[in-house]
């Protein structure tokens, strides 16, 4: 299967009958974006969707790039990856850094590779900042100011990183909403840019001169479950991760040096259990730590929903009463329709 039309015929979806339109659409280099909060079912839907559109999946998850971070990121299984090719999973060691710029260039390269084989790239994930980077181009922030950075690092030691995060919320609430109050490196870098340039990170950082992704025609869908269903999914998800051996995974990552990477070690599902293990795994703190894990995950989903709803590109898809197959078919049908 090498074209959208052959996929459409096989599945019974409406396909453009006008050859000129089909030819034009082919050269638009269409990319599918499938976003949603943690626990919304993105991965499951994407695995159903990929065969319908003859697609391959590009992970848009800031933590799934790391080797060994499998259970806590709900990484797609090796068996599923054999059935549906995936990109941007396990691309670096936990001690290596990986940021939005890295993601942009990896994602563009993956899109070019997939399209060169007449397949459809499907970007799937919940990291809003990475979607933004793909759509807007790589950030082009000012050069580092190491003297100012050292001053901010000392401030963080004296005042606490939470105080610096509160300052960032006042100065640039848009950017602050994309990171956590524990992400020391990003908070310090953001304040460094603001103090050095007088400009907000959210407005300054995206003045990019090169954006290869603009050559793609992007069509996006946002999975938006009912909040009660999402909360139920998160409770089940957290329990399942613990049953599958999340604590053992965290222990192995500690041995692999995850603490050397502030982003990876502060990821939800890891930072809570790293702290628990550092304290000697006291039994009386297990339930408290588990509740922190659940609460932090739920708070993050609220940030994700707020982030994605700002973008008109994403068409909201509510799963109420729909099976995974229903949702995948709906997206595929919309993809193949003329318009």
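A Cβ is built for glycine as well, from the same backbone N, Cα and C atoms used for every other residue.
Fair warning: this is a prediction, and the values are worked out from it, not measured in the lab.
As annotated by Swiss-Prot, ATP binding site applies to 36, 37, 38, 39, 40, 41, 42, 43. The substrate binding site feature in Swiss-Prot is assigned to 38, 39, 40, 41, 42, 43; the stated evidence is sequence analysis. Positions annotated as region 'Interaction with substrate tRNA' by Swiss-Prot, on the basis of sequence analysis: 61-64. Swiss-Prot lists 127, 149 with the feature site 'Interaction with substrate tRNA', giving sequence analysis as the kind of evidence.
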For this session: For the region 'Interaction with substrate tRNA' (61-64), provide the mean pLDDT of the predicted model.
Result: 96
For this session: Give the sequence-ordered set of same-chain residues, not counting 36, 37, 38, 39, 40, 41, 42, 43, with Cβ within 8 Å of the centre of the Cβ atoms defining the ATP site.
Result: 126, 223, 225, 233
Seminar exercise, completed: One should report the C-alpha separation between residue 36 (ATP binding site) and residue 127 (site 'Interaction with substrate tRNA'), rounded to whole angstrom, as 9
Exercise. In sequence order, which same-chain residues at least six apart have a C-beta under 8 angstroms from residue 42 (ATP binding site)?
Worked result: 34, 35, 36, 124, 125, 126, 223
Seminar exercise, completed: Given the substrate site 38, 39, 40, 41, 42, 43, its other Cβ neighbours within 8 Å of the Cβ centroid, in chain order, are 36, 37, 44, 74, 126, 223, 233
Problem set entry | All-chain count of other Cβ atoms within 10 Å of residue 37 (ATP binding site) | 28
